[in-house]
Amino acid sequence: MEIVILAVVIAVVVIGALGGLVVGSRRKKQLPPPPPATPDITAPPAEPHVGEEAETPRDEARRTIEEVDLPDATATAPVTVEEPPAPVIEIPEPTAGRLVRLRARLSRSQNALGKGLLTLLSREHLDEDTWEEIEDTLLTADVGVQPTQELVERLRERVKVLGTRTPEELRGLLREELLTLVGTDSDRAVRTEPETGGPGIVMVVGVNGTGKTTTTGKLARVLVADGRSVVLGAADTFRAAAADQLQTWGERVGAHTVRGPEGGDPASVAFDAVKEGKEIGADVVLIDTAGRLHTKTGLMDELGKVKRVVEKHAPLDEVLLVLDATTGQNGLIQARVFAEVVDITGIVLTKLDGTAKGGIVVAVQRELGVPVKLVGLGEGADDLAPFEPEAFVDALIGD
Ligand SMILES: Nc1nc2c(ncn2[C@@H]2O[C@H](COP(=O)(O)OP(=O)(O)OP(=O)(O)O)[C@@H](O)[C@H]2O)c(=O)[nH]1
Ligand SMILES: [Mg+2]
């Protein structure tokens, strides 16, 4: 019995000692860290306790509540960025006389064609070789074989009659003959005012990269500058970027862009664009289409379908074929195929600023029997000019 009591006492003592150790170790953890041997300047100042005087450093500027709590102006900027920026509507340049203003852009054609011809014609002896050089100059400028022969024949005739030649006479002569080739009696206005009421409908077609979207955007600006309201149809559904590109042009002049899902049916986008144009009473609907090679029959058929579907609303007023002037004779083959699939009513010659082949104006009109209505003379937003034969020929031969 005594042994049992002793054992219990020992057990209690041992447990108590162990418990004390554990509690002790817990207590140790709860103890505040010992004060550093040297004052720690990074440590926050000790909080004042009740009854202590609150000291304010004298030379520290006092900050108001607003200063403390409100972020500064730069910090509030991200909030305003989230809101859509207010659209800045541009006011495009007036369209009258643009070709005259942009005539310097034709300088390459000017040097190759106009000045070249004048120099040759001013030679004292206009022998066979010279006439051949004149012919070559015209051919190199892409005037085309038939028009070149006509021009040379007429020039020869008239120079013979002229006898002595002053530079002014020669210039006048060349101007007249070039004008005859380019043609002055076509109606070159882009048709956007249907007789039936409802919006004018314009469709823009051509091979890849000729400048269709750029031209559509520039044309929207021209129309807006003339006080017309415009709806854009992004019937290039191959890439979302194509619709974005058109929409950006539209936003600059406050024109809405109707678009469809990427890879969707271009005909239904074109249809919807005209529908919207009708509903909101817009003056003109411009439909941009995807670039397509004239050799791809599937894509050419698709273009025909876009036209037919739009015509469920109303006949198209204008189908503009956009041709890159730098592609030369190849453009003529394209033109022929496009004209078969959709009736082309006007030609836009782009990139005339980057080529010496201004003669393509003559060749393409002959090929299609359709007038050049607009010319692109640069990448700038207002670098699209109504085509005026006289201003064009004047620019070619210089003043
Ligand atoms: N120098 C010059 N560049 C032009 C002119 N017109 C268009 N471009 C440029 O040609 C390039 C192609 O223009 P886009 O309008 O995208 O051509 P697109 O026909 O719509 O092309 P796809 O839709 O891909 O078939 C762009 O870099 C334009 O800035 C012009 O008159 N002069
Ligand atoms: Mg395009």
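Each Cβ is built from the backbone N, Cα and C atoms, and glycine gets one as well.
What TrEMBL says about a protein is an automatic prediction, not a curated fact.
Here is what TrEMBL says about this protein:
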REGION    26-62  region 'Disordered'
COMPBIAS  49-62  compositional bias 'Basic and acidic residues'
BINDING   206-213, 288-292, 350-353  GTP binding site
DOMAIN    371-384  domain 'SRP54-type proteins GTP-binding'
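Everything TrEMBL records as a feature, shown here on the structure.
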residue	record	Cβ neighbours (10 Å)
Gly206	GTP binding site	27
Gly209	GTP binding site	14
Lys212	GTP binding site	25
Thr289	GTP binding site	29
Arg292	GTP binding site	21
Leu352	GTP binding site	29
CB < 6 Å to ligand 2, subset of binding-site residues Gly206, Lys212, Thr289, Arg292, Leu352, seq order -> Lys212
Taking Lys212, Thr289, Arg292 as the binding-site residues, the residues having C-beta under 6 A from ligand 1 are Lys212
Helix, strand and coil residue totals from DSSP for the domain 'SRP54-type proteins GTP-binding' (371-384) stand at 0 helix, 6 strand, 8 coil
